[in-house]
Amino acid sequence: MSAHPVDTVTAATATPDVAQPFKELGLKDDEYARIKEILGRRPTEAELAMYSVMWSEHCSYKSSKVHLKYFGETTTDEMRSSMLAGIGENAGVVDIGDGWAVTFKVESHNHPSYVEPYQGAATGVGGIVRDIMAMGARPIAVMDQLRFGAADAPDTRRVVDGVVRGVGGYGNSLGLPNVGGETVFDESYAGNPLVNALCAGAMRVEDLHLAFASGAGNKIILFGARTGLDGIGGVSVLASETFDGDESGTGRKKLPAVQVGDPFTEKVLIECCLELYAAKLVVGIQDLGGAGLSCATSELAAAGDGGMHINLEQVPMRATGMTAAEVLSSESQERMCAVVTPDNVDAFMEVCKKWDVLATVIGEVTDGERLTISWHGETVVDVPPRTVAHEGPVYERPVQRPASQDALVANTTAGLTRPESADELKATLLKMLASPALCSRKWITEQYDRYVRGNTVLAENADSGVIRVDEKTGRGIALATDASGRYTALDPYAGAQLALAEAFRNVAVTGATPKAVSNCLNFGSPEDPGVMWQFQQAVRGLADGCAKLGIPVTGGNVSFYNQTGSTPILPTPVVAVLGVIDDVHRRIPTGLGLEPGETLILLGDTRDEFDGSIWSQVEHGHLGGVPPKVDLEREQLLADILLAASRDGLVSAAHDLSEGGLAQTVVEAALAGETGCRILLPDDADPFVTLFSESSGRVLVAVPRTEETRFTGMCTARNLPWVRIGVVDEGSDSVEVQGQFSVSLAELRTTFEGTLPALFG
C-alpha cells in the first residue's frame with residue numbers, strides 16, 4: 001500500500017474546502033463544479049482522477065459529440081440492416097453473410113507516437129486489436145494510416161523509424177497480416193505525426209459480445225498483464241510533470257504517459273479470450289485502453305442493469321506504492337475486464353491458467369445504481385457510473401469559416417507552369433515518381449508481415465487488402481483506408497467525400513461490395529473556431545456521402561489538438577471502407593500482364609483538375625483552389641460495373657486513379673505485373689491533363705481481348721464513360737506513351753523504389 005494518505009469518501013465529505021489540482025488534470029472550473037454538484041461534495045483523489053480521464057476530449061468526445069450525432073441522423077433503417085453493432089460499442093460489427101460477422105474500427109495514437117514513436121505506434125496497434133477482441137472476434141488483419149513531417153526534416157527520420165518498427169514489431173508478433181494503408185509526408189505533421197491503426201476481426205454471428213455488467217452477484221475479473229505506472233494520464237494530462245522528476249516524494253521516477261506494450265502477452269490473451277468465448281464463460285467484456293480501469297469499470301457498470309463494487313487492492317500490480325488514483329488511471333497494456341457468473345468463475349480461471357494468463361476477481365455486480373471502489377477496506381470512489389462514462393460535459397464550440405479560406409480557394413493552379421514537350425512530360429513523371437509524396441512505400445511495407453496466417457489474398461500494393469474469412473466457401477472481405485489532408489484543407493466537406501469515394505472505389509476495384517464505414521477524424525484544436533468549421537463540414541460531408549452511397553458509419557474516433565503551437569495539421573479525416581466478396585478467388589488484382597495483349601480501358605471522366613494535386617505540390621510547392629468534383633452516384637455505378645465484371649470474369653486487372661493521376665496508376669500496375677504497356681493518348685486530349693489530372697471516379701482496367709466487346713458494351717449500356725487508353729504488349733519491358741516518351745521498367749522501378757531507402761534506410 002502507498003504511504004500516500006488515502007483520500008476516502010468520508011474524508012472528502014468532512015473536508016469540502018481542500019484544494020484539488022483539477023486544472024493540472026485537464027478539468028475546467030465549470031467541469032470541476034459540475035463534479036461537486038453530481039456528488040454533493042468534493043471528489044476524492046481517486047474520483048477526481050476518474051472524472052479527469054473520462055471527461056477528457058479523447059474519452060468523452062465533449063467537443064465533437066454535437067456534430068457526430070449527424071451520422072445517426074443520416075443513417076436509415078435500410079443502411080442499418082446488416083449492422084449488428086454500431087457507434088458507442090468498442091467497434092462496429094457487420095453481418096457479411098453465411099453466418100459470419102466482421103468487426104472493424106480505426107483508432108488514433110498520434111501524440112504518444114511523437115513522444116515515444118516505437119511504443120506509441122506499437123501500443124496503438126495493440127489497443128485497436130483489443131477493441132476487436134472485446135467484440136468476440138478473432139483479429140484477422142491490421143492496416144495503418146501514417147502521417148509524418150517533411151521527409152527531409154531533421155526529426156522525421158527518428159519518428160518514421162520508431163513508428164514503422166512499432167507497427168511492424170507489434171503486428172508481426174501477434175501474427176496479424178498488415179494488408180495496406182497510406183503514408184504521407186507533409187510539413188504540417190512535423191511535431192505531430194498521425195498514427196491511425198485499423199483492425200478487423202471475424203466471428204460467427206452468434207459469438208458477438210458486448211460491454212455491459214449485468215446480473216447482481218456476477219464477478220468482475222481482471223485478466224492479462226499486471227498494472228503499472230506506465231501510461232498514467234495518457235488520455236489527459238495526469239502525467240504533465242516532467243518525466244524525470246520525483247513524484248510526490250515517493251522516490252519513484254515518473255514514467256512517460258506513453259504505454260509500454262508486450263505483443264507476446266497480447267497474443268496469448270487473444271487465444272485465451274477466444275477459448276473463454278467458445279466455452280460461453282463471459283457475460284460481458286471490456287478491454288482496458290485509454291483511461292484504464294476508470295473506463296472499463298464505469299462503462300461496464302453504466303451499460304448494465306445494476307451497480308458495481310471493486311476491491312481495488314486486488315488488482316495485480318507490477319509497481320510498489322501505487323495510489324488508488326494511479327491504479328485507476330494506469331493505461332498498462334494487454335488487460336481485459338470480464339463479467340462472469342459465480343458458477344463459471346472456476347472454469348474461467350482454469351482457461352486463464354492454461355494460457356498462463358494472470359486473472360483475479362476484483363469485484364462484483366451489485367443491485368444498486370452506483371459504482372463503488374474500495375482501497376484496503378476504505379471507500380475511495382462512490383459515483384453514479386453514467387456520470388463518469390457518458391454524461392460528461394458537451395460543448396457547442398464556436399464554428400467560423402476562416403477569413404483566410406477565400407484567399408486559399410482563390411489561389412488556383414491556373415497560373416502555374418505546365419510541362420508541354422515530351423521531354424518535360426517524361427521529366428515530370430520521373431520527378432513525381434521519386435518524390436516522397438508518390439514514391440514506393442515498399443521500404444515500409446516490407447517491414448510488415450502481409451501474408452501470415454495464409455488468408456491474405458491481396459495486400460499492399462493493391463488498392464485494398466482482401467482477406468479470406470471462410471476457408472470452405474471462400475467468402476472474404478476487402479478493406480481500404482484513405483484520406484487527403486490537402487483536399488480537406490481546400491474544402492472540408494468535399495475533402496471528406498473524396499476520401500470516402502476513394503476508399504469505396506478501392507474496395508470496389510477488387511470486386512467486393514462496399515458495406516460499411518469507420519473513420520478517424522484528425523484535426524487541430526477544438527478551441528479554434530476555424531478548426532471546428534473544418535470538423536463540422538467534414539462530418540457533414542462524410543455523413544451525407546455515406547447516406548448517398550447507402551453504407552453506414554459503424555463507429556470511429558476523433559483526435560483533436562493535433563497541432564504544433566498555434567499551427568494545426570492539415571485536417572485529416574481518415575475513412576475506412578469494409579467490403580464483402582462472396583469468393584476471394586474472383587478478386588481483381590492490380591498487376592498487368594495476366595492475359596497476353598490486354599486492352600487498357602480508362603473508366604470515368606478526365607477533367608482539368610489540378611488544385612490540391614500532388615503535381616502542384618511536387619512541382620510548385622502549391623496548395624490552393626478547389627478540389628476535384630465528387631460524383632457519388634457515378635462511384636456507385638462504377639462499383640456496380642466492377643462487381644459485375646468480376647463475377648463474369650471480364651477484367652483481368654484493375655487499379656484506381658487518385659494521386660498522380662493516370663501516369664502513376666499505369667506505372668504502379670506495370671511494375672506490379674512486371675509487364676510493359678503502350679498508352680495511346682486520345683487525339684483531342686491534352687497529354688498533361690490526360691496523364692496527371694487527379695479527377696475522381698476513375699479506374700484503369702485491363703480487359704482480355706476476348707472480353708473487350710462485352711465489357712465496353714456493358715459500360716455503354718449503363719452510361720459509364722470509357723476510353724480505350726492503351727494495350728499490354730507481351731514481353732514489353734517499358735511503359736511507352738505513344739508519340740511522347742518511353743521509360744524502361746528498370747528505370748521506373750529504380751526511380752520509384754529508391755527514395756525511402758535513401759532517406760531512412
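Cβ from N, Cα, C; glycine included.
Annotated substrate-binding residues in Swiss-Prot are S108, H109, N110, H111, R130, Q259, E331, S332, Q333, and among S518, S525, S559 the one listed with them is S559. Binding of ATP is annotated in Swiss-Prot for Y61, N519, G556; the matching candidate from K23, K105, K472 at the same site is K105. Comparing local CB density within 10 A for the recorded positions H58, K105, H109, R130, the maximum falls on H109. K105 (ATP binding site) sits 18 Å from Q333 (substrate binding site), taking the C-alpha atoms as the reference points. A strand conformation is recorded for D287 (Mg(2+) 2 binding site) in the three-state DSSP classification. For N557 (Mg(2+) 1 binding site), the spatially nearest entry among the recorded positions H58, N110, E331, Q333 is H58, judged by CA separation.
Other residues of the chain with a Cβ within 8 Å of the Cβ centroid of Y61, K105, N519, G556, the ATP site, are I87, V106, E107, S518, C520, L521, V553, G555, N557, V558. The separation of S108 (substrate binding site) from N519 (ATP binding site), Cα to Cα, is 10 Å. For the pair N110 (substrate binding site) and D131 (Mg(2+) 2 binding site), the Cα-Cα distance reads 17 Å. Largest Cα-Cα distance over the residues recorded as binding ATP, namely Y61, K105, N519, G556, equals 17 Å. Each of the binding-site residues D287, E331 was ranked by the number of other C-beta atoms within 10 Å, and first place falls to E331.
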